[in-house]
Amino acid sequence: MADAYDPANEGARMDYRDRMAYGDYLKLDEILHAQAPLSDAHDELLFIIQHQTSELWMKLAIHELSSARAAIAGGGLEQAQKSLSRVSRIFEQLNGAWDVLRTMTPSDYTTFRDQLGESSGFQSHQYRMIEYALGNRNPAMLRPHAHRPEALAALEAELARPSIYDVALRVASEAGLPVPQEVLGRDVSKTHQPSEAVEAVWEAVYRTPTEHWALYELAEKLVDLEDYFRRWRFNHVTTVERVIGLKRGTGGTGGVSYLRKMLEVVLFPELWTVRTRL
Ligand code: HEM
Ligand SMILES: N[C@@H](CC(=O)c1ccccc1NC=O)C(=O)O
């Protein structure tokens, strides 16, 4: 047998005592020591890692959504499209991840569910931040964060900013499309209410895409994003039903009944209703 190959022979550095290495840059000591199962249940590590990786992807989604919003507001629609595509791909990644969690059966989960106490994804401030940035702005969802002033302040600050959809409508107005004043000047801390006039604006965009190319592409990116987000919600509720049936959630909601209600949320209503008109 030939000698084992040694990459040092082609110049690979093998000694990192006085250099920044992979794990230093990525802070792997912190990340890989941040799993602290509360039971001896085999599947608790899966559960923790599934959530931690989801939270990391959500962190990136928030980063991309804020740059997309800034780009839209500044007229950089192409830059915004790139960020929004990335957010859709992140959701695709999160959607695929359910396949790993689905391998956990009800018998597996019940071995450690009690350890979770009243903690629940319902209290994920990053998830709420994504919903708020996209325009689903229920102020009641601030309350579970009252005990964490930093998260609460970040969510409150988000409610004071226009949503991604608000900035898209402002750009449509600046392009000469008749977005009503009451829509442009609405209280942005609330959820946007569907408007016939806004639907007519999108109808104009969709009927003559060549005249409104950038807005047309932006609209399709937003529909794409909402499409992936809906799949995430659907995968969640289906996994939950599969694992806990109709039991109440640890966060205190009805569980599947609550998550099914959330399937009705529409982020960009006129972008969906306009399709009936075309
Ligand atoms: C076996 C796995 C899971 C079960 C049984 C489960 C169960 C539930 C239940 C019952 C709720 C409703 C709130 C409550 O009363 O607790 C909920 C909410 C939530 N879960 Fe999960 N979940 C699971 C996995 C996940 C994963 C992997 C994530 C990813 C981060 C996640 C994120 C969330 C979020 C963000 C909410 C709030 C949704 C909203 O308010 O619209 N869950 N989950
Ligand atoms: N709500 C879940 C518990 C749960 O899934 C959970 C608990 C702690 C941290 C994250 C969780 N994931 C999503 O809700 C349940 O009722 O079993």
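Don't overthink the numbers, they just go from 1 along the chain as shown.
Just so it is clear, glycine is given a Cβ too, placed from its N, Cα and C backbone atoms.
Take the substrate site that TrEMBL assigns to Phe47, Ile48, Ile49, Gln50, His51, Tyr109, Arg113: the candidate from Thr208, Thr210, Thr238, Thr250 listed for it is Thr250.
Rounded to the nearest whole angstrom, the C-alpha distance between Ile48 (substrate binding site) and His236 (heme binding site) is 16. Note on Arg113 (substrate binding site): other Cβ atoms within 10 Å of its Cβ, all shown chains, come to 18.
Largest Cα-Cα distance over the residues recorded as binding substrate, namely Phe47, Ile48, Ile49, Gln50, His51, Tyr109, Arg113, Thr250, equals 19 Å.
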